[in-house]
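Just below is one structure, and these are the notes that go with it.
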Amino acid sequence: MTDALSPRLQTLVEGTRALLEQAVREHQDVVYSNSLGLEAMVLTDIINTYTPEIEMFTLDTGRLHDETLSLLDRLERRYQRRIQVFYPQAEAIEQYVRDNGINGFYLGTDERQSCCGIRKIEPFKRAIAGRKAWVTGVRREQSAERALGEAKSWDDRYGLWKISPMLDWTEADVSAYIKARSLPYNALHDKGFPSIGCAPCTRAVEPGADPRSGRWWWENPESRECGLQPRRRVIPLKVEPRRAAGQ
């Protein structure tokens with residue numbers, strides 16, 4: 001798999017692989033929260049190659065772009081595996097719309113975070129219920145909060161371990177890997193959308209702009225998170241060397 005990759009990418013892949021394999025050894029019941037973003041294309045490929053026992057799920061908020069849903073179908077066909085989809089509770093959505101309107105998230109940060117809570121956080125909690133650890137594709141470059149992340153951390157909010165094996169990948173690394181492996185990706189990325197969420201809350205950005213500036217652009221930058229990535233108590237992870245076959 002790594003023969004066509006640059007030495008840097010080979011090193012990054014081996015580091016990501018080691019973290020994933022260690023997570024499986026230590027926790028067994030590990031699940032990957034697939035965001036369907038560019039990082040997710042890389043991580044899906046690596047997991048499918050080296051740790052296919054890690055199950056995958058994604059969240060369909062009910063307000064996703066058609067391009068995002070098409071990508072989900074392409075992934076399942078490429079890897080011949082199901083990615084379990086979790087949806088928001090219909091009753092909660094109906095109540096939110098009655099209280100705030102169909103696009104009430106534009107009214108203010110509280111209304112938007114409430115919408116994210118219904119469409120993302122509640123389904124996410126159902127997806128990880130009873131699990132020992134979850135894998136995420138966050139990178140340090142993406143935000144000031146994520147820059148402080150560690151490869152393994154305990155999420156008090158969710159009550160399980162969080163594994164972040166792509167923290168040190170750069171945007172250029174992600175793009176190079178996708179190109180080298182001819183991976184599918186969301187067509188919106190070619191239309192100025194570096195970060196993609198729900199359709200009403202995502203817009204294209206100018207070249208060179210903060211990649212996440214197109215998310216919840218009507219809010220102050222410090223509030224532009226959906227809440228899936230909580231503040232954490234960090235416990236450093238010692239990565240064990242990968243054993244050769246037969247050892």
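Using N, Cα and C of the backbone, Cβ positions are placed for all residues, glycine too.
As recorded in TrEMBL, the features of this protein are as follows:
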DOMAIN    30-204  domain 'Phosphoadenosine phosphosulphate reductase'
BINDING   CYS115, CYS116, CYS198, CYS201  [4Fe-4S] cluster binding site
ACT_SITE  CYS226  active site, nucleophile
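When the binding-site residues CYS115, CYS198, CYS201 are compared by the number of other CB atoms within 10 angstroms of each CB, CYS198 has the fewest. All protein chains shown were included, and the count of other CB atoms within 10 Å of the CB of CYS116 ([4Fe-4S] cluster binding site) stands at 21.
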